[in-house]
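S.K.: There's a structure below that I have some questions on.
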Amino acid sequence: LWQSGNACPLLSGSRSSKTFKPKKNIPEGSHQYELLKHAEATLGSGNLRQAVMLPEGEDLNEWIAVNTVDFFNQINMLYGTITEFCTESSCPVMSAGPRYEYHWADGTNIKKPIKCSAPKYIDYLMTWVQDQLDDETLFPSKIGGCSCVPRDGPSWLSHALIPACPCPPGVPFPKNFMSVAKTILKRLFRVYAHIYHQHFDSVMRLQEEAHLNTSFKHFIFFVQEFSLIDRRELAPLHELIEKLGSKDR
């Protein structure tokens, strides 16, 4: 940070189903797919603070993984609606208002931060996130959730009690998973910040502000629940975050 300093449920009613990058799908029938369905059902209740909480008995890493994929898909769709307004000429630098400018580096292909236009930066960012989500060693799609055990079954029923269970052994999350997830979410926040600061007028003309606001509120409540983004990184949208939080108290 350089400073002077299946369609997403929230967006299913959106006028545009255009995405910036291909949608990341969670395999149907997997435990993560069941978790995603649970998340969608609780979102429907309207209580976002409750919806982001770790469901009882679930693995924290898996819950964060499922939601990170979902946020990628949401932001992918939101940015896809305004790409025609975010151009090399309209946004020659990646910024979030006059005080915050972002330079890109991924530590691998581009090691030294480079100044680039917003569309170029967001293309780098979303491609990088996509690569992380597609990496089975970082985001394993099978972590051993046994589909033989129903989610609403009795608490004493476990995988070990199922004779000749056909479910494959799970792949554990790596030790650096939380660190990678935090970096992904920190970078996805920058897309929200850019949209709000530089393109909110376009969002309003397209009548997409309700989708943007609900998606961002969900995102912020989630990262706050698990302390996933440093407060300093959230500074470009500090006032909006305070407003969203106070409305929910």
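Including glycine, each Cβ sits where the backbone N, Cα and C put it.
Given the structure is predicted, the values throughout are model-derived calculations rather than measurements.
Pasting the feature list from TrEMBL:
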type	residues	note
BINDING	CYS86, CYS91, HIS194, HIS199	Zn(2+) binding site
S.K.: Would you identify which of the binding-site residues HIS194, HIS199 has the most other C-beta atoms lying within 10 angstroms of its C-beta?
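M.R.: Highest number of other Cβ atoms within 10 Å: HIS194.
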S.K.: Long-range same-chain neighbours of CYS86 (Zn(2+) binding site), Cβ under 8 Å, sequence gap at least 6?
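M.R.: Sequence-distant Cβ neighbours: TYR79, ALA118, PRO119, ILE122, HIS194, GLN198, HIS199.
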S.K.: Using a Cβ-Cβ cut-off under 8 angstroms and a sequence gap of six or more, which residues of the chain neighbour CYS91 (Zn(2+) binding site)?
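M.R.: Listed in sequence order, they are SER117, ALA118, PRO119, HIS194, GLN198.
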